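As recorded in Swiss-Prot:
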BINDING   152, 173, 195, 237  S-adenosyl-L-methionine binding site
């Protein structure tokens, strides 16, 4: 089925009203993205950040009711124009889109990737480049983590560099489960994934089953993990603000002499995150990839944050 897409560029104060108007005129989905190039870093707990200028896209079915949809869209545009105050900009365009299986379309451009010396992440639809390597089979899905982002790549390269034989690893903020699964395939005897998102737990479980390691992966929604839980290796690829806020919680998960890997950190945020952990850990040199970095450390025998 072909589709009609209306894209609107305007100020952020119209976001809720525009979303309502698009849905009321028959849009089957409404998405938001940055209309310019404004970086938005992670919000503090309870804070909601949004771009100043937004692009809102409404997607409509181009079926037998095409004329009706176009009439409704035109009416919506007129309403939106009337809302704009003098000096506020409003740009829109209407596009006709061919029908595609969008997830499959994205997967066409997702190729096998190598991390370190042993580890590959490969989509299920493509041949594994090196069958003798450590291969994680992973497709794009609902939860974060396929290896394409620099922070995930930094964590995978670090895991590949470790001797994980018979080790227990905690993946704090597990997303797709890619780091926990990679650790198991690299020799860890058990991996524990923790996340605040039920979709991440589901995605991690499905991906572990696909990779044949589900028996060795334990998953918890955040807050439901056992007390006094500890592991030989802890990796947390989240964001700088929660890494700082939860420094005590994350540090307690690492056994004395255990290893910690942190990412989701911009290069400009590395000092702040390092300071949150330096009292309990001996920090290694920071690794960088593009504008992102990874902090690694070993826990002191007598720690305290």
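Cβ coordinates are placed from backbone N, Cα and C, and glycine is handled just like the others.
Cβ-based neighbour count (10 Å, all protein chains) for residue 237 (S-adenosyl-L-methionine binding site) stands at 27. Of all Cβ atoms in the protein chains displayed, 25 besides its own lie within 10 Å of the Cβ of residue 152 (S-adenosyl-L-methionine binding site).
Every protein chain shown contributes to the tally, and the Cβ of residue 195 (S-adenosyl-L-methionine binding site) ends up with 25 other Cβ atoms within 10 Å. Across the annotated binding residues for S-adenosyl-L-methionine (152, 173, 195, 237), the two most widely spaced Cα atoms sit 16 Å apart. In the three-state DSSP reading, residue 195 (S-adenosyl-L-methionine binding site) counts as strand.
Under the three-state DSSP scheme, residue 237 (S-adenosyl-L-methionine binding site) falls in the strand class.
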